[in-house]
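Participant: Structure provided below as structure tokens; questions to follow.
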Amino acid sequence: MGVRQVNPVETEQAYVSRVYARLDTERGEAERILRSGPGRGGGAGFQAQVERQVATEEAARRLARLAGVERALCFGRIDHRADGDEPGDTFYIGRIGLRDEHREPLLIDWRAAAARPFYTATATSPGTLARRRHLHLRGREVVRLDDEVFDLAGMSEADRSTIVGEAALLAALRRGRTGRMGDVVATIQEEQDQVIRSALQGVLVVQGGPGTGKTVAALHRAAYLLYTHRDVLERRGVLVVGPNATFLRYIEQVLPGLGETDVALATVGELYPGVRATAADSPGTAVVKGDLRMAGLIEAAVLDRQRAPEGGLAVEADGLTLTVDAETALKARDRARALRAPHNIQRRLYVHELLDALALDRAEQYDRMTDEPLQEIMKSGTPAWLQELMDEAEETPLLDEEDRRLSKEELWADPLVRSAIDALWPELSPQRLLDDLFSSPETLHRLESGLSPAELDALVRPAGSPWTVADVPLLDEAAEWLGQDDTAERARARTAAEQRAEEEKYAREVIESAGLETVDAAFLADRHHDDGPPLTTAQRAAADREWAYGHVIVDEAQELSEMAWRAVMRRIPTRSLTVVGDIAQTGSPAGARSWGQMLDRYVPGRWREQRLLVNYRTPAAIMKVAADVLAAVAPDQTPPEPVRDDGPPPRALRLPAGELPSLVEAELAEIGDGRLAVVSSGAWHPAVLAALPDAEAGATPEALDSPVVVLTTGEAKGLEFDSVIVADPAGIIAESPRGGQDLYVAVTRATRRLTVVHDGDLPDCLSLLTDTAADPC
Ligand SMILES: Nc1ncnc2c1ncn2[C@@H]1O[C@H](COP(=O)(O)OP(=O)(O)OP(=O)(O)O)[C@@H](O)[C@H]1O
């Protein structure tokens, strides 16, 4: 009988099947617990009920986590070198950690320390690894294995020795684009691994050219941080700020695929609860609104709404003219302003002081009215009893505490009094403050702000105009100055907090006695109120302007204005931030020229920068063209090194926009199921849209699912497509507020094919492209 050859794919299949079987068992268990629900089964009494509640909540979280990890659940294996006679350990690496029925590790979570060598071992420094294996699955079936044997003697020193798992990586990169970003957990590269596992604390800037995996690395970092610091981050939440809604949709599946479902995603236009701004201002207006001097203008606008009437205040009430003299009103204003509190809170003091003065005036007027008949009586001699009464009255104040309170309440209920005081120091919402300000050129020009007349004119617009993205940081700034008069709300909250503290204490005792240390007592106490389905941390955070997140990731961060940074920084008082971007791609005229310009104000000299240098998106031939564009528009920046060397050479075609349909058709035939984008200048945009009526247009949610989409350069930022047609490069350069950066963004969106379409001369920086033919086919 011959020896049967062991087939490694079969061996791995057996293991992978075990892993999936375990996943099914865990899902089944979680579903069973959820189905039985907290209300039924088990013992009676509060303790039993709490225990069931905990188990249900745990099961719901576990199930959400297990739901997203089906695809490529197990993707790697590492074999450590034998140590003397001791065989080396073998670990299987996957999206989540799983243990078998005996609690032995079956699958190691990719974020665990034990998985790290899978990402860090290189041919030149393999550490203790003897082999790294990539497992390629189709569904639950193992279809291929890629091995890297770390046998230094037998391996040539490749140029890119720092790039691990090249075969697996290139296979991953060559896959057609689906319109959604996927995770790269099986092929994370060493430089990206350093970003992902960098410490939670402080500000980490990830600077890298297009396609270097900044976005994807930042999202894996979110998953890693949640895994490593789950206690803090699950409670405080993680926020990812992205450039637009389409981009957020493009990336939204990455974290669930890594088993993380509770991360808040928002654009700058959504940072202020209750407002969802998508409209853009003209570049000139956006620059002014993004300028730090806007903070001064908003402060001045708030102070301007705190008036002391120059000639004093006079109001008709109860048939009397009640007055407050100018000096008293001024003192009242200054006393209110001296309170270290926002406008709407200071207003309470101001209102009280003015009501006090009015109540006193009314009392004095009444007093005088009763005095006059007395004077008459006293003309003919004052009787002793009257003299006695008058002496007594002289010594007691006109209004005692209770009279005062009642009198003030009565006056405040009088609409004339209220509107007179409101006109001096109104209760203001941020929306009202800004709407009033921008619709009043007179106010804008009167206030002290340091902005030039032309800059102020750029802010003017009709009242009731829709909010723009650049308005949102201003609303946030205004909200800081204005605050909210939430006295009643706070009293309610105080009572609720006392009650909650009691419940938390009780829940803690139950948890201790039931030995359920992993459960958070606060979480449990929260769940104990039957207020409908519980909100996730991300939902609660998104609704609360003052929420302090545990970590914030800002993507395409070079686009944020100074004012936008102020709004972001308010959400992260601990300054635990990942800032992701590329200064060479800054398109917004209000955006960053350097990271220091934006960050030094908040963390002077305390931010650390990590650079990503390898481009995983764009093939080398296209990157050559992009490098020329970069040299022309930002000569001090270096383009990233491409790893891909596939695809046809990029080309230029002299074509009017009207002939785009045949080009698009030909390109679609080349890319099969892939995605195509036409990225055009603003000047060509209407003609391109007219020529391609079936294409999706703009940064809409549908854009990602459509085979053909027409975008401006701003909308294309952060996205990628199998084939990209850049229409009117000269126009893109001319319109680019920073002088051409937008063309660099446009030509680096392609993963396979790039065609530049023009009808005049090609810009010099595209001289590598020769006009191939006038006929696109
Ligand atoms: N380690 C990796 N394995 C497989 N694919 C990768 C890896 N790193 C990056 N990619 C792929 O490269 C492409 C570019 O990544 P990503 O969008 O994160 O780059 P970026 O630096 O944010 O680019 P840009 O500045 O243009 O927005 C994506 O398709 C991503 O999935």
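Each residue, glycine too, has its Cβ placed from N, Cα and C.
Pulled the feature table from TrEMBL, pasting it below:
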- Gly208, Gly209, Pro210, Gly211, Thr212, Gly213, Lys214, Thr215: ATP binding site (BINDING)
- 187-619: domain 'UvrD-like helicase ATP-binding' (DOMAIN)
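Give me the structural setting of these features: burial, nearby parts and distances.
Facilitator: Gly211 (ATP binding site) has a Cβ environment of 29 other Cβ atoms inside 10 Å.
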Participant: Have a look at the binding-site residues (Gly208, Gly209) and report the one with the fewest Cβ neighbours inside 10 Å.
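Facilitator: Each of the binding-site residues Gly208, Gly209 was scored; lowest Cβ tally within 10 Å is Gly208.
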Participant: Once Gly208, Gly209, Pro210, Gly211, Thr212, Gly213, Lys214, Thr215 are set aside, which residues in the chain still have Cβ within 8 Å of the Cβ centroid of the ATP site?
Facilitator: Asp582, Leu612, Asn615, Tyr616, Arg617, Pro640
Participant: Restricting to the chain of Gly213 (ATP binding site) and a gap of 6 or more, list residues whose Cβ falls under 8 Å of its Cβ, or answer none.
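Facilitator: Sequence-distant Cβ neighbours: Val184, Gln189, Gln192, Leu612, Val614, Tyr616.
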